[in-house]
Amino acid sequence: MLDYQTILDEILHEITPYLGEGRVASYIPELARVEPSSFAMSLMCVDGSQFHVGEYEKRFSIQSISKLFTLTLAMQLANDSLWERIGKEPSGTPFNSLVQLEYEHGIPRNPFINAGALVVTDVILSHLQDAHQSVLEFIRTLCAKDDINFDFSVAKSEEQTGFRNHAMANFLKSFNNLEHEPSRVLNAYFHHCSIAMSTQELAKSALFLSNGGIQPWSDAPILNARQTKRINALMLTCGTYDSVGDFAYRVGLPAKSGVGGGILATLPGKFSLCVWSPRLNEKGNSFAGTKALELFTTKTKLSIF
Ligand code: DON
């Protein structure tokens, strides 16, 4: 029987030398206001047990981890028709790259790069009038916490400085792969990215991905087993961008990262595991967070491989 609390305590100790490595994202100015050496890790098991270390109740900007929740909601709403407008392959390019979009005729490689998430947001807008509030309410339900909210200063900061995303949405529109006005899609997307959550809340929200699509603590069906398998597969192959191969090699779990420094990982059948540390490596994934996940799967020998 593994003593998860002791393992997390050991990781907290062993990770300390790595907390100064990497850089906090500053291309969204408000994100740079975080304490750079913060660290938290939360493990939630499908049997109801949970273990935490560090600042696991402190909320941070979930950024691209929101792409996991918007994809889940879009799969509920549109199911397989999504894949007529978005691919399922790793991009091999940075999360905010524009180059592939041109020669692939406006079809984003996958739903976890920015272009893919903009199309996912557009799909949500086609089904639900208020994509801001619908996504927020969906996340609140997923973790049974009604005080989860947007960080409006982060959303505004990105709206004012996210020139690449503005270009991307307009580019998608030029290929007729957005039904709505680019500004409307962007405004919803920036708000989704700005949602603030803790590692404890994120791990709880994503537990259905490790339990065949059903939240084990409420028995609520979120997705069917087939859709759940697909999301886990997409996390493994596309969730950590152009370092997805290195991440699978080192950690061996499906995962989704965000430039706020969070990484949310799953082990189907067993647990969800969320880590946060704001300094990023050159690919935009948490430096110490990746190391902590690697230590976890090495110590426990629990990975999908
Ligand atoms: O669109 C952006 O650039 C950010 N709001 C989110 C990017 C992100 O988190 C990618 N993560 N690794």
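Positions of Cβ are set from backbone N, Cα and C atoms, glycine also.
Keep in mind that TrEMBL annotations are predicted by a computer and have not been checked by a curator.
Among the candidates VAL34, VAL46, VAL135, VAL259, the residue that TrEMBL names alongside SER64, ASN114, GLU158, ASN165, TYR189, TYR241 for the substrate site is VAL259.
For GLU158 (substrate binding site), the count of additional Cβ atoms within 10 Å of its Cβ stands at 23 [all protein chains shown].
In the three-state DSSP scheme, VAL259 (substrate binding site) is classed as coil. Shown are the binding-site residues TYR189, TYR241; the one with the most C-beta atoms within 10 angstroms of its own C-beta is TYR189. Around the Cβ of VAL259 (substrate binding site), the same chain contributes ALA25, ILE28, LEU31, GLN63, SER64, LEU280, GLY284, each under 8 angstroms and 6 or more positions distant in sequence.
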